[in-house]
Amino acid sequence: MSSYFVNPTFPGSLPSGQDSFLGQLPLYQAGYDALRPFPASYGASSLPDKTYTSPCFYQQSNSVLACNRASYEYGASCFYSDKDLSGASPSGSGKQRGPGDYLHFSPEQQYKPDSSSGQGKALHDEGADRKYTSPVYPWMQRMNSCAGAVYGSHGRRGRQTYTRYQTLELEKEFHFNRYLTRRRRIEIANALCLTERQIKIWFQNRRMKWKKENKLINSTQPSGEDSEAKAGE
């Protein structure tokens, strides 16, 4: 207990018999009305409801109970323990309130559920729905740098399609040159609005197709010796 407070129940008598002198000494300055402390065994329910003009009062749990320069009524119902402040709630959620929730409110208003909590929850849900339903623009998708083919769901590149004019020009070039130099490949790519890589892949596939066709033709045609043997018979 602080030494600035004096227990009024303690008999202030001196062994020398100067009782009258002790009663004449003022305990506090003029105009100062201090809180009367009580022993630890004194119950909280018997605290008198009295109006004090204290400038500010703070609870031990770092949460402000009242902060007003005007007169404020401190009664037994305004004092709460740390357990009550952290656990007591009408909704049973156990949410710890901030310091501003206890300013200038009665005990009934302090634990009244906030009417704006439902609105805040609705705004949060709306924001979450907006996040998941946001439109996907074409520039947000993964695209093929050559012809604009969108990648599939498994990240596979789409099959490149050529127009009829592009196919005709490539076939004409393949008829004269089955292998292209890089310079010629760049010229054809610029003329047909394609990339050098697409031209290279198309010629590789076309050469494989041409080899298969030649192999099939050679296998179906009989050799010269077989034809002569059949003719001699």
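Count begins at 1; order follows the chain as displayed.
Cβ coordinates are placed from backbone N, Cα and C, and glycine is handled just like the others.
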Stretch carrying region 'Disordered' according to Swiss-Prot (options 194-213, 214-233): 214-233
Residues of the motif 'Antp-type hexapeptide' (136-141) by DSSP state, where helix covers H, G and I: 3 helix, 0 strand, 3 coil
